[in-house]
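Everything below concerns the one structure shown next.
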Amino acid sequence: MNGSNDAVSPSSTSDYLLLAIETSCDETSVAVVRNGREILSNVISSQIETHKQFGGVVPEIASRKHVESITIILEEALREAGVGLPDIDGVAVTQGPGLIGALLVGVVAAKSLALALDVPLIGTHHIAGHIYANHLVGDIVYPAIALVVSGGHTEIVLLEEEGKFRIIGRTRDDAVGEAYDKVARALQFPYPGGPYVDKLAQEATEEIVLPRSWLEPDSYDFSFSGLKSAVLSEINRSRMKGETPDFSALARGFQQSVIDVVTGKAIRAAKEFGAHQMLLCGGVAANRGLRERLSSLCEEAGLPLLIPPNKLCTDNAAMIAAAADLKWRRGQFSTLDLKAEPILSLEDWSV
Ligand code: KG4
Ligand code: ZN
């Protein structure tokens with residue numbers, strides 16, 4: 001891995017405090033986590049209000065906002081945790097994947113802190129963070145299957161053992177969250193529209209049944225662009241007939257299709273790979289319908305399921321500390337030439 005140095009050992013084997021920074025997209029977040037699992041603070045400053053007017057994240061604005069907030073959020077995280085900088089034993093930061101300008105702000109801040117405090121630096125993979133958010137809420141039993149559903153990623157990841165990531169399926173086009181946001185826009189909701197579509201789908205009394213994109217019978221990959229187009233053409237068809245489109249029946253149809261496919265594939269993967277646990281993570285894991293369906297399918301299959309609370313599903317720095325802890329405990333630290341990587345392999349980041 002770029003900027004890694006396996007030769008150093010952890011400075012302490014007893015209690016340790018990791019300070020983590022996450023700036024990969026539109027949340028500036030800093031957390032202080034004890035022993036990789038106990039959250040002392042997890043301060044998140046969202047830029048949603050700024051990006052809303054543009055209907056999506058504007059990368060250049062995101063970077064500037066991170067620059068404006070990072071020091072304030074850092075101070076707040078330390079204050080909330082009741083610790084000072086000299087108490088910090090290691091600094092973790094999202095190295096990638098993400099928006100390059102946004103990542104850079106966190107990486108530069110983390111390197112400066114690690115250098116000034118003379119403590120180890122750990123460049124961390126954003127998706128490993130989403131997955132290990134589960135370690136903040138319970139013990140992970142291996143082998144485990146992680147269903148990662150976020151605004152930028154949709155993946156089924158096999159963890160044969162701790163910190164070893166193998167991607168067995170991924171989206172071939174839109175990420176689930178991206179599809180939610182695009183459909184939400186067509187249903188006239190503001191960005192990010194996932195939670196609005198979720199709510200409307202829950203309240204719907206009718207459902208317009210939409211296609212399921214299963215792809216090849218043995219595939220764990222996903223495709224959501226056809227489903228998104230199906231929603232758009234339903235809206236157009238109604239309007240051309242002079243009718244008002246039934247947004248709630250469409251939201252329900254869209255959500256049911258997404259949930260059937262993502263849960264169906266995740267359960268099949270768990271069976272095929274003999275998983276002892278299912279992990280749900282990423283921003284879309286906040287979806288009520290998805291949580292409920294996956295819970296009942298896992299119960300039927302006798303498969304224990306972990307789902308982080310909503311605050312740990314969307315982007316936050318505590319999850320970055322939880323993933324960085326994998327490297328901390330193995331003394332796998334980064335060097336100060338660590339670079340922000342907009343594209344970064346999860347499998348290569350394995351311990
Ligand atoms: O993980 P995340 O915070 O950012 C990325 O790393 O991408 O995920 C954000 C995504 C957005 O697309 C948002 O619309 C979606 O998660 N989301 C939801 C819900 N809450 C957030 N999608 C569906 N239902 C929800 N309740
Ligand atoms: Zn994320």
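Note that Cβ sites are derived from N, Cα and C of the backbone, with glycine treated the same way.
Per TrEMBL, the features are:
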BINDING   His126, His130, Asp315  Fe cation binding site
BINDING   Val148, Val149, Ser150, Gly151, Gly152, Asp181, Gly194, Asp198, Asn287  substrate binding site
DOMAIN    38-321  domain 'Gcp-like'
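Contacts of Asp315 (Fe cation binding site) defined by a Cβ separation under 8 A and a same-chain sequence distance of 6+ are given as Glu22, Ser24, Cys25, Asp26, Glu27, Ser29, Ile44, His126, Gly283, in order along the sequence. Rounded to a whole value, the Cα-Cα separation of Gly152 (substrate binding site) and His130 (Fe cation binding site) is 12 Å. Here the C-alpha separation of Ser150 (substrate binding site) and His130 (Fe cation binding site) works out to 9 Å. Asn287 (substrate binding site) carries neither a helix nor a strand DSSP state and counts as coil. With every protein chain in view, the residue among the binding-site residues Gly152, Gly194 whose Cβ has the most Cβ partners within 10 Å turns out to be Gly194. The binding-site residues in question are Ser150, Asn287, and the one with the fewest Cβ neighbours inside 10 Å is Ser150.
With a cut-off of under 6 Å between the Cβ and any atom of ligand 1, the binding-site residues Val148, Gly152, Gly194, Asn287 reduce to Gly152, Gly194, Asn287.
A gap of 18 Å separates the Cα atoms of His130 (Fe cation binding site) and Gly194 (substrate binding site). Around Val148 (substrate binding site), the same-chain residues at least 6 positions away in sequence with a Cβ under 8 Å from its Cβ are Ile127, His130, Ile131, Thr154, Glu155, Ile156, Val157, Cys281, Gly282.
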